[in-house]
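In Swiss-Prot this protein carries:
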type	residues	note
BINDING	17, 47, 67, 77, 78, 164, 197, 215, 216, 225, 226	substrate binding site
ACT_SITE	76	active site, proton donor
ACT_SITE	224	active site, proton acceptor
C-alpha cells in the first residue's frame with residue numbers, strides 16, 4: 001500500500017517545467033522513490049512536489065521534491081511557484097513560507113496576475129558546499145572540460161549551489177551543442193559527487209541571458225528555476241551582468257534578482273494549472289503496465 005493510493009494530484013507546469021503537486025498534509029506516511037518512479041511512468045513529470053505535514057511553526061508544509069528517476073532534490077524553483085499557485089488559490093494571504101531540504105522558502109504573489117515570486121535563499125560558492133570532489137579556491141570558473149584537450153567542446157564552467165549543485169558553461173549559442181549527449185556525461189562527472197545540473201548559457205547583455213539546462217535526475221527540460229538562479233548569480237559574480245536579469249529559457253521567461261541587501265535570490269515567473277486526477281492504487285502495486293500495453 002502506498003501513501004499515494006487514491007490521492008488527488010494536480011498536473012502543472014512552471015514555464016514548461018513539468019510538475020505534479022500532491023497535498024499529503026493529512027498523511028504522514030512516507031512516499032518512496034519507487035512510488036515517485038511509478039508516478040512518472042503514467043503522469044510524466046520533471047519534479048514531483050509532495051506537501052507533507054509542517055515541521056516548523058509558521059510554515060505551511062514541508063515540501064519533499066522528487067525527480068522523475070526517484071532521486072530527491074533540495075530545491076525546485078519552478079515547482080515551488082506551482083505549489084504557491086495552488087496554495088494561494090482561495091486564500092487571502094499574500095505570502096507563504098515552506099520548509100524544504102534546502103531550508104525555508106518564502107513565496108509571494110507576483111507583480112502581475114499569474115506571476116509568483118519565490119525567495120530561493122542564499123547561493124553557496126564554497127567547493128565543499130556545492131559540493132565538488134576536490135578543492136577549488138575560486139568557483140567562479142573551474143578547470144573542467146569535455147572533448148579534446150587542445151580543442152574542448154565545453155570548458156571552464158562556473159559552479160554554484162542553490163540547494164542543489166549547478167555547473168554553467170558560457171557559450172555563444174546555447175542551441176549549437178547536443179546537450180542531450182553531453183548533459184548526462186557532465187551530470188555524472190566524478191568532480192560532482194552528488195551529480196550536477198548542467199546549463200549552457202549565453203550573456204546577451206547586462207540584463208539578459210539565454211540558457212538551456214540538463215536537469216539532474218530529470219534530463220533535458222524546458223525550464224529549471226534553480227538553474228536560472230544559479231546562472232544569474234554566476235554571471236553577476238563574473239561582473240558580466242547586473243544583479244537583476246531577464247532569463248530566456250526554452251519554456252519562457254523568468255526574472256531573477258540577486259538582492260544585495262541580504263544576498264538572497266528572488267525568482268519571479270508564471271505557473272500554469274493543466275489538470276487534476278487521482279492515482280490508481282494499481283499504479284503502485286505493479287498491476288499497471290508502465291508501457292500502457
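Quick reminder: no glycine exception, Cβ is built from N, Cα and C everywhere.
Features as recorded by Swiss-Prot, highlighted on the structure.
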{"residue": "17", "record": "substrate binding site", "Cβ neighbours (10 Å)": "31"}
{"residue": "67", "record": "substrate binding site", "Cβ neighbours (10 Å)": "23"}
{"residue": "76", "record": "active site, proton donor", "Cβ neighbours (10 Å)": "33"}
{"residue": "78", "record": "substrate binding site", "Cβ neighbours (10 Å)": "35"}
{"residue": "197", "record": "substrate binding site", "Cβ neighbours (10 Å)": "27"}
{"residue": "216", "record": "substrate binding site", "Cβ neighbours (10 Å)": "26"}
{"residue": "224", "record": "active site, proton acceptor", "Cβ neighbours (10 Å)": "35"}
{"residue": "226", "record": "substrate binding site", "Cβ neighbours (10 Å)": "32"}
For this session: Provide the three-state secondary structure of residue 216 (substrate binding site) computed with DSSP.
Result: coil
Seminar exercise, completed: Of 197, 216, 224, 226, the recorded positions lying within 10 angstroms (C-alpha) of residue 76 (active site, proton donor) are 224, 226
Exercise. Quick one: Cα separation, residue 224 (active site, proton acceptor) versus residue 216 (substrate binding site), in Å?
Worked result: 10
Exercise. Excluding 17, 47, 67, 77, 78, 164, 197, 215, 216, 225, 226, which residues of the same chain place their Cβ within 8 Å of the centroid of the Cβ atoms of the recorded substrate site?
Worked result: 46, 73, 75, 76, 79, 213, 218, 221, 224, 227
For this session: State, in Å as a whole number, the widest CA to CA span among the substrate-binding residues 17, 47, 67, 77, 78, 164, 197, 215, 216, 225, 226 given in the record.
Result: 17
